[in-house]
Amino acid sequence: MGGCSSQSCHRCFFEYETERMIVVKSKVVGSVFRLIQFLILFYVIGYVCVVQKSYQETDSVISSVTTKVKGTGFTNTSDLGGRVWDVADYNIPPQGESSFFVLTNMIVTPNQTQSTCPELPNQSTICMSDSDCLEGSNDVRGNGIQTGLCMNYSETVKTCEVLSWCPLEIDINLPEHALLVAAEDFTVLIKNSVTYPKFNFHKRNILPDVNSSYLKQCEFNRKTDPDCPIFRLKDMVSEAEEDFQTMATRGGVLGIMIDWNCDLDWPEHYCGPKYSFRRLDNKIPENNVAPGYNFRFAKYYKTTDGRETRTLIKAYGIRFDVIVFGTRSSHFILWGNPSPAPAP
């Protein structure tokens with residue numbers, strides 16, 4: 001019809017065109033043609049349908065996590081003496097948002113009071129006379145507010161006096177080995193509930209057939225007891241290819257990954273959590289500045305004469321972050337929206 005002029009359009013309207021088909025009898029051309037057909041078929045069925053599962057509808061997981069740590073340990077130090085540590089002592093804070101911290105090492109500065117004392121020596125605090133100290137000066141990297149006096153820090157060094165919690169903490173004497181050695185045998189119960197709102201699907205990592213008696217004696221083992229939600233701390237660190245006592249000395253961050261990828265092409269009881277563990281903080285030897293994980297907290301007391309005192313603890317330990325992820329796949333979307341799956 002493209003050859004019709006405007007004057008003969010009424011004649012072209014009643015004409016019919018068809019293309020001529022040519023059959024090429026060649027094994028080479030025929031093989032190439034069939035190969036192209038096969039590749040297209042393989043892409044649609046093998047990649048789009050089987051690998052990518054593009055025929056399915058998916059939903060992302062919504063999750064909540066609670067944890068409960070158990071275990072006791074014993075330390076014997078010059079600052080604290082012989083002491084038993086229970087979960088209220090080393091689990092700080094007791095409730096975290098999808099994470100928990102276990103104290104394994106510490107620097108303790110006992111009997112601090114609000115008073116004056118010489119600042120720790122550095123380039124900005126070393127002085128020769130009072131004129132080198134500015135009264136009221138507050139260095140954000142220092143330990144207090146200068147009084148304007150230059151005091152003897154040692155027999156050979158003078159520093160500016162500060163108003164602070166004295167005696168000041170000296171945080172360079174970290175024990176070479178973790179104080180709370182027994183922490184490797186502590187356990188944690190992880191309770192994880194997940195929801196796929198699009199399909200009204202709910203499930204927990206504590207399976208329906210689990211009872212209280214089982215929870216009191218089980219411990220996660222990938223081969224013998226993969227459904228137990230109670231984990232030994234050392235086992236998790238070992239699965240992350242780390243040594244617990246080495247990591248416990250300066251602290252670190254360990255990720256507990258819970259994978260809830262579910263496929264409803266399979267029976268629903270196959271939808272369950274898969275656990276993996278990985279160290280998350282930086283431990284690259286070439287960039288070993290500020291390694292590990294630590295923070296400070298204090299315990300406050302009052303003496304018999306009503307004076308406030310405190311024990312300052314620089315806590316080193318392992319923070320465990322529970323990271324939940326996953327998608328749930330429904331049936332063939334061309335069949336219409338799937339009916340909501342019943343909650344187990």
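Placement of Cβ uses the backbone N, Cα and C atoms for every residue, glycine included.
Taken from TrEMBL, the feature transmembrane segment applies to 28-48.
Annotation source TrEMBL lists ATP binding site at Lys68, Val69, Lys70, Thr187, Asn294, Phe295, Arg296, Lys314. Taking Cβ-Cβ distances under 8 Å and a sequence gap of 6 or more within the same chain, the neighbours of Thr187 (ATP binding site) are Val69, Lys70, Gly71, Glu219, Ile230, Phe231, Arg232, Leu233.
Look at TrEMBL and you will find Cys117-Cys166 (among others) tagged as disulfide bond.
Look at TrEMBL and you will find Cys127-Cys150 (among others) tagged as disulfide bond. Shown in sequence order, Cys127, Met128, Ser129, Asp130, Asp132, Cys133, Lys158, Thr159, Cys160, Glu161 are the residues of the chain, 6+ apart in sequence, with a C-beta less than 8 angstroms from the C-beta of Cys150 (disulfide bond).
The disulfide bond annotation in TrEMBL covers Cys133-Cys160 (among others).
Counting only same-chain residues at least 6 apart in sequence, those with a Cβ under 8 Å from the Cβ of Cys228 (disulfide bond) are Tyr214, Leu215, Cys218, Glu219, Phe220, Asn221. Annotation source TrEMBL lists disulfide bond at Cys218-Cys228 (among others).
The disulfide bond annotation in TrEMBL covers Cys262-Cys271 (among others). In the shown protein chains, 25 other C-beta atoms lie within 10 A of the C-beta of Cys262 (disulfide bond).
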Inset, instruction - Report the nearest neighbour of Arg296 (ATP binding site) in space among the disulfide-bonded residues Cys117, Cys166, Cys262, Cys271, comparing Cα positions. - result: Cys166
Inset, instruction - Name the one residue among Cys117, Cys166, Cys262, Cys271 whose Cα is closest in three-dimensional space to that of Lys68 (ATP binding site); these are the disulfide-bonded residues. - result: Cys271
Legend entry - Candidate disulfide-bonded residues Cys117, Cys166, Cys262, Cys271, pick with smallest Cα gap to Asn294 (ATP binding site): Cys166
Inset, instruction - Compute the C-alpha separation of Lys314 (ATP binding site) from Cys271 (disulfide bond), stating it in Å without decimals. - result: 43
Inset, instruction - From the recorded positions Cys262, Cys271, Phe295, pick the residue whose C-alpha lies nearest to the C-alpha of Cys117 (disulfide bond). - result: Phe295
